[in-house]
Amino acid sequence: MASEKVETVVAGNYIEMEREEGDSKSAKNKLSNLFWHGGSVYDAWFSCASNQVAQVLLTLPYSFSQLGMLSGILFQLFYGLMGSWTAYLISLLYVEYRTRKEREKVDFRNHVIQWFEVLDGLLGKHWRNIGLFFNCTFLLFGSVIQLIACASNIYYINDNLDKRTWTYIFGACCATTVFIPSFHNYRVWSFLGLMMTSYTAWYLTIASLLHGQIDGVKHSGPNKMVLYFTGATNILYTFGGHAVTVEIMHAMWKPQKFKMIYLIATLYVLTLTLPSASAVYWAFGDLLLTHSNALSLLPRSGFRDTAVILMLIHQFITFGFACTPLYFVWEKFIGVHETKSVFKRALETKSVFKRALARLPVVIPIWFLAIIFPFFGPINSTVGSLLVSFTVYIIPSLAHMITFAPSSARENAVERPPSFLGGWAGMYSINIFVVVWVLIVGFGFGGWASMLNFIQQINTFGLFTKCYQCPHKA
């Protein structure tokens, strides 16, 4: 059976690799291995859930003020399901590609498979180039957004320095992610990151409810089409964080078990985003239209400072998540990727510093772009409409349809559509709906609204602004 063949082939190399590595490990390294070297289903779930909701947790109330309460809730549920669907498609394509290659005796033990390589192997170089452009550009700006968020958050604890200066400082801090070899090594970070966002989400919820509604609170959204589609696109961005799905799958010992992980992660994330965004919007209403960071409206306290610090740490982790695939692409470009240090020698001092030095040029443009466009909030929607719409929604849906268009491909597919979806016809129907919806609503209306809003921020604050949305700051 094809499915039996997949399990043998896909899991085989990783099990063999672990056995080879395990023989060389002493008992004193077992604790380090426990915290550092992960590849289980649970590791993948923590990685997906932790990576999916980061700084965007703080901008969702801003989106609710643009959309209104009902639309905000409905769009979260809708895009959460849509994001889970396309993550599922990506996982199917990865397993299909890897199985085909390993049947040809290709060894991936010292090579991290990436999305553009999946497209190349299944559909050819033109699809590879398209996937590479959109994926890398999205991850680049995803990293930029994390850096902007760091500066925005720390300012609410220490405003002695402007946000631009904080961006310089945190750019240097985030550059240390070059020392983390691969997604195998995010085990403890993913777990801690999810705990941090969980605390922050429930802090926002409880603090807003205890604070109560401000005097004369208004909930006028939606009242402008531009704001409506800007808010919707920020939510599209929220649940489009699976640009690193392939790398997370490749870090698993049995990647074929990934299929439902993203959906389960999304369901947990919704328990954080829905209560927090709803509570903050209920308390502050239209005031959020000029305060894209929800933390800026809550009174300073030990709980708020804790939330800020935890989000700073989490944004460092998410920066690493977004940047690590870029590090891999750069390593492949300069020819230093396929070495034993990807796995076996990842912790050897000489190898670590050599790889870190090779990766460092990736961080420089991220640092620079974060200083040019410090528009925390509006930049999320812009990236969502122009990049996320294609990277994680349109391209995976089209790629899946084209890959399995020939009848022979469908007959020999490693993973067949579940019967409750209506077989291949059901899958194609859902894929077509995703492509049409995201192309028209996400990229079309969302792109139009987000660019207008983004241009307005530039006209109001200017490029290289020292302190975006700071009170009494130039």
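Cβ from N, Cα, C; glycine included.
Here is what TrEMBL says about this protein:
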- 37-440: domain 'Amino acid transporter transmembrane' (DOMAIN)
- 73-95: transmembrane segment (TRANSMEM)
- 132-154: transmembrane segment (TRANSMEM)
- 166-184: transmembrane segment (TRANSMEM)
- 191-214: transmembrane segment (TRANSMEM)
- 226-249: transmembrane segment (TRANSMEM)
- 261-284: transmembrane segment (TRANSMEM)
- 307-330: transmembrane segment (TRANSMEM)
- 356-377: transmembrane segment (TRANSMEM)
- 383-404: transmembrane segment (TRANSMEM)
- 425-445: transmembrane segment (TRANSMEM)
>> For the transmembrane segment (307-330), I need the partner stretch with the highest count of C-beta pairs below 8 angstroms, choosing only from 73-95, 132-154, 226-249, 425-445.
In response: 132-154
> Considering only Cβ pairs under 8 Å, which range in 132-154, 383-404, 425-445 makes the most contacts with the transmembrane segment (166-184)?
Replying inline: 132-154
> Can you name the far-off residues of the same chain, 6+ from the ends of the transmembrane segment (261-284), with a Cβ under 8 Å from a Cβ of it?
Replying inline: 41, 44-45, 48-49, 52-53, 57, 60-61, 63-65, 69, 72-73, 76-77, 80-81, 83-84, 87-88, 91, 197-198, 200-202, 204-206, 208-209, 211-214, 217, 219, 238-239, 242, 245, 291, 294, 297
>> Is the transmembrane segment (73-95) in contact with the transmembrane segment (425-445), using at least 3 Cβ pairs under 8 Å (sequence separation of 6 or more) as the test?
In response: yes
> Where, among 191-214, 226-249, 383-404, do we find the most CB pairs under 8 A to the transmembrane segment (73-95)?
Replying inline: 226-249
